[in-house]
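The next block holds one structure in the form of structure tokens; read it before the comments.
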Amino acid sequence: MKNMFKAFLIKYGEIGIKGKNRYLFEDALIRQIRYALADVEGEFDVTKEQGRIYIECLSDYDYDETVDALKRVFGIVGICPVVHVEDEGFEKLVEEVTAYMDWMYPDKNTTFKVSARRARKNYPLDSMEINRELGGRLLEAFPEIRVDVHKPAIMLNVEIRQKIYIYSEIIPGAGGMPVGTNGKAMLLLSGGIDSPVAGYMIAKRGVKIDATYFHAPPYTSERAKQKVIDLAKLVARYSGPINLNIVNFTDIQLYIYEKCPHDELTIIMRRYMMKISEHLAKESGCQALITGESIGQVASQTMQSLAATNEVCTIPVFRPVIGFDKQEIVDIALRIDTYETSIQPYEDCCTIFVAKHPVTKPNINIIKRSERNLEEKIDEMMETAIATVETIVVE
Ligand code: ATP
Ligand code: MG
């Protein structure tokens with residue numbers, strides 16, 4: 001019965017999208033819908049008319065796959081599968097709608113209301129008349145069913161257009177705003193659980209995502225790098241294509257290891273990650289950084305440590321999971337399907353150079369003093385790291 005749906009009506013939030021913003025919002029939403037459907041088998045036409053977005057299914061298509069893809073598009077509040085019928089007179093319409101109700105709702109012990117909309121004004125009945133007539137005929141056809149005009153269990157929408165559109169289901173969408181409506185930010189993407197979730201959460205607010213991964217070969221393997229690419233791919237299912245920068249961080253890490261107190265390694269390393277990420281962010285027009293940090297999760301995420309890493313940044317740093325417990329982050333990771341990939345056991349550069357007893361309350365002045373040991377070569381090393389970045393478009 002699923003393949004009786006020949007179109008989808010897309011519902012989206014309309015708060016704050018008046019005037020010019022509305023166009024931007026709708027155009028971005030259409031672009032993201034097309035992107036999401038590109039990989040789905042079937043041919044689709046996405047159009048905007050009279051403040052609504054329709055997806056017409058021009059060929060056979062996989063219903064479940066299509067709905068899943070649409071559920072990943074930020075900005076969609078509801079997905080309504082639509083049945084098309086030809087306009088062959090009101091009697092025929094009554095027949096079609098009755099059949100539709102019978103298919104969709106085997107249990108008739110429920111309430112409904114007809115909500116007609118006459119987009120084509122030459123239809124002989126106006127919307128009030130359609131509501132009344134159709135409602136009455138359905139009551140005759142299904143003695144058990146009742147009308148509830150205030151809180152119907154089934155809102156039966158009938159839209160008179162060139163064809164007649166019938167729909168009553170609303171599948172919840174991802175919410176948020178279409179990617180591309182709120183600027184761009186640089187995600188520090190590691191192979192862990194938290195950073196893919198952080199990227200997802202900011203993309204959900206309409207922000208386009210670029211990403212940077214710090215790779216430390218041979219201490220971190222090709223497989224660890226591939227894992228990050230795989231994670232970027234999973235985030236891109238929601239955010240659209242991601243430019244993933246892979247920074248070779250080995251020399252900088254070894255240099256810090258050689259020159260600085262080992263209990264400060266993680267903090268100093270993280271400060272250089274932030275600096276390089278900010279440089280790459282500015283280069284590619286990103287207005288902020290994103291990390292997967294959460295207060296107190298590890299030594300490098302205490303309030304003092306966060307202050308120490310934040311201190312090198314001049315653009316905003318978004319930490320959307322800052323107040324989340326690990327389990328709450330895991331729950332999102334499971335929902336967006338990044339968890340299984342994140343828990344694959346490949347080392348990352350932070351764990352390899354980690355000290356046994358890292359400082360948990362770094363003092364910025366002491367950290368800065370340690371960093372003076374790096375003065376001789378660090379600028380050149382950062383330049384080299386930036387000049388040798390490998391950028392992959394992940395989609
Ligand atoms: P995650 O699960 O995201 O890896 P984590 O709990 O392992 O986080 P840390 O390793 O302290 O925490 O990293 C904190 C944040 O710093 C990460 O969420 C990520 O944004 C960034 N980060 C850490 N390591 C890297 C890396 N190798 N490349 C890019 N970003 C990194
Ligand atoms: Mg990590």
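Cβ atoms are placed via backbone N, Cα and C, with glycine included.
Here Q301 (ATP binding site) comes close to E293, S294, I295: these same-chain residues lie at least six apart in sequence, with C-beta atoms under 8 angstroms from its C-beta. Feature annotation from TrEMBL assigns ATP binding site to L188, L189, Y213, F214, R270, G292, Q301.
Positions annotated as domain 'THUMP' by TrEMBL: 64-172.
Listed binding-site residues: L188, L189. The one with the lowest count of other Cβ atoms within 10 Å of its Cβ is L188. Helix, strand and coil counts from DSSP across the domain 'THUMP' (64-172) read 38 helix, 33 strand, 38 coil.
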